[in-house]
Amino acid sequence: MALPVPVQTSRQNVAQTVVFAAGVCRLVGDWGVQILSARTEVEHRRQAMSAATGAAGGVKGWDLTGITRLDAVGAQLLWQFWGQKFPDGLQLTDSQQALFKVLAEHPIEPVVPPPPIDWFGWVATLGKGFYIALDHGRGLLILLGGLLLNFWGMLKRPIHGPWREISAQVFRTGAQALGITALVGFLIGIVLSYLSAQQLAVFGAGQFIVKLLGVSIVRELGPVLAAILVAGRSGSSITAQIGVMRVTQELDAMQVMGISEGQRLILPRVIALGLTMPMLVLWTDTMALLGGMLAAKFELGLSVVWFAERLPDAIGIKNYWIGIIKGVTFGAWIALVACHFGLRIEPNTESLGKGTTASVVTAITGVILIDAIYAIIFNEMNI
């Protein structure tokens, strides 16, 4: 017959509280809050019970009838040790059974300590963001290099160029975008003219609204506004189209068939947006100036004919060319970013949504950054 194996739980508690014999773990002594208030006592008793369960043969039963005092604290300690369920072969008194029944009906979630404060977590976050930005920059450079090679190949053999795809993209990104660009441009022109007229009227300088509207719209607001609209409309559409092709494995089929992604997908979209964006910029400028002209007539009483006659001298041909140059750059940038994120989409719907959102945000941010760079360059050149 196996001899009982008493376990000394702590130096302060001399009584034997955990005794393991013949596969039965017998608990005796005081299991109340006063004795368990010391953290070391709780750890010692938990270690003693763990040693019993880890012994050869394991614990086949628990006997709690020898406990002289058991309150909610001691019962909670045992309940958590048992994994919040009654073990096999459990022997309890009536009062103990009632106490454990309450614990079973109203379980208490263990208190999770708060995570330690990571004072240098921002360094890792910054490094991760920098690495992701470098990875995307590398991907864009590779995509740009392949685009230039495909464009050179099209120039050498124009008969094999993707002309049908280019014409289709010109229609989708250009002709179908005339409505939204006209509406937004017209409204922006009205708002800008109305607010400017209120301030100019205070100083009796209402005639200067022609130059104010002309330069601000043709040089800055028109190209940026058109680019933002195209990035949200056509850029997201391009990313979603290529992403769906990734999800449906059409891109894999193109690679198997030997069809170049750059020749049939990327090049037509970049060329199309590079061609349509300058025209959309001029179209947006026209509608914005028209809206500003009407607002100036009703707010300042300026004649539409007088406004139109002074508009060419107020703007200058160089501002038109600046807007056209920005339009070409913005269009190529939006198409390149849209294709880049479209090709990086993984074959699942969640990645498709994230990729489309990232494409639009990156394209718009890049448009504003490029516009700032142009402003610095033109200022240094006194243009």
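Every residue, even glycine, has its Cβ placed from backbone N, Cα and C.
Here TrEMBL flags 138-155 (among others) as transmembrane segment.
According to TrEMBL, the transmembrane segment annotation covers 175-195 (among others).
Annotation source TrEMBL lists transmembrane segment at 265-283 (among others). Cβ atoms under 8 Å from those of the transmembrane segment (265-283) belong to residues 143, 146-147, 150-151, 154, 162, 165-166, 168-170, 172-174, 177-178, 181-182, 185, 222-223, 226-227, 230, 234, 238, 242, 245, 320, 323-324, 326-328, 330-332, 334-336, 338-339 of the same chain, restricted to positions at least 6 beyond its ends.
Positions annotated as transmembrane segment by TrEMBL: 289-308 (among others).
According to TrEMBL, the feature transmembrane segment maps to 320-343 (among others). A Cβ distance under 8 Å defines the sequence-distant neighbours of the transmembrane segment (320-343), meaning residues of its chain 6+ beyond its ends; these are 136, 139-140, 143-144, 147, 218-219, 222-224, 226-227, 230-231, 234-236, 238-243, 245-246, 251, 261, 265-266, 269-270, 272-282, 285, 355-356, 358-359, 362-363, 366-367, 370-371, 374, 378, 383.
The transmembrane segment feature in TrEMBL is assigned to 355-377 (among others). Nonlocal intrachain contacts for the transmembrane segment (355-377), taken as residues 6+ away from its ends with a CB within less than 8 angstroms of a stretch CB, comprise 136, 220, 223-224, 227-228, 231-232, 235-236, 238-240, 243, 322, 325-326, 329-330, 333-334, 337-338, 340-342, 344-345.
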**Report entry** Same-chain residues near the transmembrane segment (175-195), Cβ under 8 Å, at least 6 residues beyond its ends
**Finding:** 209, 213, 216-217, 221-222, 225-226, 229-230, 233-234, 276, 280, 283-296, 299
